[in-house]
Every structure is written in C-alpha cells, then in structure tokens.
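**Q** The following feature annotations were taken from Swiss-Prot:
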CARBOHYD  N168  N-linked glycosylation site
CARBOHYD  N174  N-linked glycosylation site
CARBOHYD  N179  N-linked glycosylation site
CARBOHYD  N193  N-linked glycosylation site
TRANSMEM  11-31  transmembrane segment
TRANSMEM  38-58  transmembrane segment
TRANSMEM  73-93  transmembrane segment
TRANSMEM  111-131  transmembrane segment
TRANSMEM  138-158  transmembrane segment
TRANSMEM  199-219  transmembrane segment
TRANSMEM  285-305  transmembrane segment
TRANSMEM  321-341  transmembrane segment
TRANSMEM  344-364  transmembrane segment
TRANSMEM  381-401  transmembrane segment
TRANSMEM  412-432  transmembrane segment
Amino acid sequence: MSLFTHVLACLFGIGSWVAINGMWVELPLIVTAIPEGWLLPSYLTIIIQMANIGPLFITLMHRFRPGVLDERPVIYTIVAVGVVATFLLAFLWKHTLTFGDGEHSAALLSLSFLLSVVDCTSSVTFLPFMMRLQPQYLTTYFIGEGLSGLVPALVALVQGVGVVHCKNASANANFSLGNISQSLLETHYQPANFSTQGFFLFLSAMMMVCLGAFLLLNLHPAVAREHKSMKGYIDDSRRVEKIDLSQSPNDETPEQRPMLDFPEGSAIKQRSSFGKGTYSRTELVFIFVVLAWVNALTNAVLPSVQSYSCLPYGNQAYHLAATLSSVANPVACFIAMFVPIRSLVLMGVLTVTGTGFGAYIMAMAALSPCPLLINDDLGAALIVITWVIFVLSLSYVKVIIGVILRDEGHSALVWCGAVVQLGSMLGALSMFPLISVYRLFQSGDPCNTKCP
C-alpha cells in the first residue's frame with residue numbers, strides 16, 4: 001500500500017464535483033452582478049439536469065457495447081474541459097449578450113453547462129477507473145469526492161462576501177400635478193476578500209491538480225505496482241457490484257457510482273435481485289419514495305429558491321447559508337460513517353424533520369422580498385440555521401438509504417440511481433416554470449425595498 005497512491009487517489013476524487021460545488025457556493029457573489037440575478041439558481045438547477053446526457057451516453061455504451069469504451073480517454077477529455085471551462089469563467093462570467101427579451105449571461109450559462117457535463121460524467125467514469133487499482137484505494141477516492149464539496153465551501157468562507165452600501169441618488173418623477181423630486185438609494189457592493197475571478201482560477205487550479213493526479217495514476221512507476229492484473233480488472237469491470245462499497249465514507253451518493261446491469265451470466269442475474277430480502281415490498285416502496293422526495297428537495301426544489309429565501313436577509317446570510325450547508329453534507333457523511341443506523345422509523349422522522357425545515361425555507365422564499373423577521377438579526381440567523389439543519393438531516397437520510405440498498409444487492413443500487421435522477425429531474429422541472437416563467441417568487445433591492 002503506497003501513501004503516494006493514496007494522495008493521488010484523494011486529489012483525483014476532489015476533481016469529481018469540485019467545479020459545480022464551487023459554482024453553488026459562489027452564487028452569493030455572482031447573482032448580484034449578472035442580468036439573471038436571483039433567477040440564476042433555478043437556471044443552474046435545470047442546466048445540471050440537462051447535463052445528464054453525459055452519463056446517459058456512457059451508461060448506454062456500457063450497456064449495449066460492453067468493453068468497447070475505455071474510460072481513460074473520456075476522463076482525460078472531461079477533466080481537460082473542466083480546466084479550460086473554469087479558466088474561461090474567471091474572465092467571461094460577467095460578459096453578456098443581448099438577444100430575445102434582453103441581456104443574458106451567455107458565457108456563464110454555457111460554461112456552467114459544460115462543467116455540469118464534466119461533473120455528471122465523472123460519476124460514471126472515475127469509479128470504473130479506480131477499479132484498476134487495489135480495493136483499499138477506493139476509500140481514499142471517496143474521501144476526496146467528499147472533499148470536493150468541503151474544500152470550495154471553506155475557500156468561499158475565507159473569501160467572504162461584499163458588504164452592501166446604500167448611497168443617495170436623486171430621481172425625478174413627473175406626475176400630472178407637476179415635477180416631484182424623490183430620493184432614491186443606489187446599491188454599491190464592497191468587494192469580497194478576493195474576487196470571483198480569483199475563485200474561478202482556484203477551481204481551475206483544482207481541476208489541473210485532478211488532471212495531474214490522473215496522469216500520475218496512469219503513468220507513474222510507483223502507481224503501476226498498485227494496479228490489478230488485467231484479468232482481475234476485466235473480471236471486476238464486468239461485475240461492478242463486487243466492489244466493497246462498505247469501505248466508502250461517502251455512501252450518501254450511490255447515485256454517483258456506475259450501476260450497470262450486464263445480463264451475461266446466471267451469477268450476475270442472481271445478484272441483480274434484491275439481495276437478502278430483508279425488507280417487504282411495502283417497505284421498499286417507502287424507501288424509494290423517500291429517496292425520490294429527499295433528492296427532489298435537496299438537489300432541485302430548495303436550491304432553486306435559495307436566493308429568494310436568503311438574499312432578503314442580506315448577502316452575508318446568503319453567503320453563510322450557501323457555504324455552511326455545503327459543509328453540512330460531508331459532516332452528515334462523517335456522522336453516518338460511524339453511526340449508520342438502518343432504521344426506517346429514524347429515516348421517516350428525519351425526512352419529516354428535514355421537510356419541515358424545507359417548508360420554512362420555501363415559505364420565506366414565497367414571502368420574498370419581505371419574509372418574516374426581515375428587520376431582525378434573528379431572521380438572518382434562523383434562515384442560515386434552517387438551511388444547515390435541512391441539508392444535514394436529509395443528507396443523513398440519503399446515506400442511510402444508500403447503506404440499506406447497498407446491502408440489498410446490485411439491482412437495488414440500479415433502482416437507487418434511477419430514482420435519485422427521477423426525483424431530481426421532477427423537482428427541477430416543477431420549480432423552473434414557477435420561478436422563471438410564472439415569476440411566483442419576487443426579488444428585491446437591498447436599498448430600496450421597503451418592508452413593514
């Protein structure tokens with residue numbers, strides 16, 4: 001076992017989702033500077049769902065042309081695209097084009113789509129590559145995958161968020177009774193500790209580190225000794241379920257693992273059943289309904305309205321909610337790694353609890369730009385704490401479901417991945433028209449919005 005290989009596996013895992021996770025925690029600084037404004041989170045949610053064309057293509061290739069697609073050229077391609085896209089974002093994220101009904105952040109949205117394709121495709125290519133190494137390096141890879149959310153969140157906390165200053169400006173309003181002068185306030189944002197450009201360059205550097213780690217995992221002589229024999233790799237690649245996922249500290253994301261069903265033999269068909277049969281059909285339906293529900297909430301519904309629920313309380317509240325909730329996800333994984341309670345009752349209680357906190361978030365978003373306690377520091381503290389508890393509780397639920405379904409066999413994990421994507425897709429499709437078409441949620445101005 002090589003420490004050098006462990007470090008490379010960890011750095012490789014960090015590159016899996018660092019770009020999109022970084023985009024989410026940087027939104028508090030981006031939404032105030034682009035034409036889409038508060039609508040950007042809902043756009044980003046639907047973009048990520050569209051990016052599933054990447055893993056869909058890889059999955060279909062593995063399903064209908066098994067053994068034809070080598071994941072290594074795909075990984076080189078997507079990581080290189082990630083490096084270039086994040087680098088371009090650093091210089092183009094503010095650039096707009098005028099078309100249709102006004103200005104749009106074409107560069108930001110198109111590059112975000114590329115990054116979404118990169119990260120979504122990593123879910124079905126990085127792990128098959130790790131199967132080429134000895135099994136003990138899987139644990140380190142999953143630690144890196146968990147850090148892909150934690151590292152950009154910590155950097156964003158250091159970055160901070162610009163303080164809002166309101167400056168007087170005069171505006172003339174012409175009425176039928178005469179010319180009346182009224183005082184308006186202009187919003188000015190003080191720069192953060194370092195710029196959004198610097199943050200995207202950091203993400204580009206992280207993707208370059210991932211690319212370098214991948215190169216060394218393929219080419220370094222010390223790592224070559226850690227590779228399995230070709231026969232062992234081929235056998236494992238045809239039996240993805242043989243990986244011991246119980247070693248993973250990041251069990252909350254079974255949807256990020258390749259769960260491909262290759263009906264090539266009786267042994268595989270047998271393993272594709274729901275394993276131990278520990279749970280009744282009703283209990284399994286309950287588990288999958290909960291899985292779809294929590295993924296709809298955490299991956300689409302609530303992230304789409306995060307700006308509406310937090311920005312009325314100020315940029316600082318939005319910044320803390322975005323970053324601390326990103327930290328809450330790996331914290332939930334860490335807790336579940338040591339306390340993996342497979343209780344359906346606990347799962348139900350945590351789901352109801354998380355949904356309750358989610359309902360509070362949705363209510364504050366619906367009341368935007370004048371939610372409860374808008375003029376009180378308690379309101380800002382409550383919305384940040386609510387976001388953290390919401391993510392923490394439902395992330396733990398996803399971990400428990402992943403553990404349960406992993407024990408039930410390969411077929412259960414296949415259904416797990418499908419239900420996760422279905423829940424996320426339904427959540428995104430339901431929220432996008434409400435936010436972007438019917439405009440049921442209202443944005444505000446930090447200086448001129450007057451609330452009772």
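Just so it is clear, glycine is given a Cβ too, placed from its N, Cα and C backbone atoms.
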**Q** Let me know how many other Cβ atoms fall within 10 Å of the Cβ of N168 (N-linked glycosylation site).
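**A** Cβ-Cβ neighbours of N168 (N-linked glycosylation site) within 10 Å number 9.
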**Q** To the nearest Å, how far is the Cα of N193 (N-linked glycosylation site) from the Cα of N168 (N-linked glycosylation site)?
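**A** So the Cα of N168 (N-linked glycosylation site) lies 25 Å away from that of N193 (N-linked glycosylation site).
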**Q** Top stretch among 11-31, 73-93, 111-131, 199-219, 321-341 for CB pairs under 8 A with the transmembrane segment (138-158)?
**A** 11-31
**Q** What stretch of 11-31, 73-93, 321-341 shows the most Cβ pairs under 8 Å to the transmembrane segment (199-219)?
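**A** The stretch I would name here is 11-31.
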**Q** Other than its close neighbours in sequence, what residues sit by the transmembrane segment (38-58), given a CB gap under 8 Å and a spacing of at least six beyond its ends?
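**A** For the transmembrane segment (38-58), the nonlocal Cβ contacts are 20, 23-24, 27, 30-31, 69, 71, 74, 78, 105, 109, 112-113, 116-121, 123-125, 258, 299-300, 303-308, 311, 421, 424-425, 427-429, 431-432, 435-436, 441, 443.
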**Q** Between the transmembrane segment (285-305) and the transmembrane segment (381-401), do 3 or more CB pairs sit under 8 angstroms, pairs being 6 or more residues apart?
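**A** The answer is yes, given that the two segments have at least 3 Cβ pairs within the 8 Å cut-off.
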**Q** For N168 (N-linked glycosylation site), what is the secondary structure state per DSSP, taken as helix, strand or coil?
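**A** The three-state answer is strand.
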**Q** For the transmembrane segment (11-31), which stretch among 73-93, 111-131, 285-305, 321-341 has the most Cβ pairs under 8 A?
**A** 111-131
**Q** If you draw a 10 Å sphere on the Cβ of N193 (N-linked glycosylation site), how many other Cβ atoms land inside?
**A** 11
**Q** According to DSSP, folded down to helix, strand and coil, what is N193 (N-linked glycosylation site)?
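**A** Note: N193 (N-linked glycosylation site) is coil by DSSP, not helix or strand.
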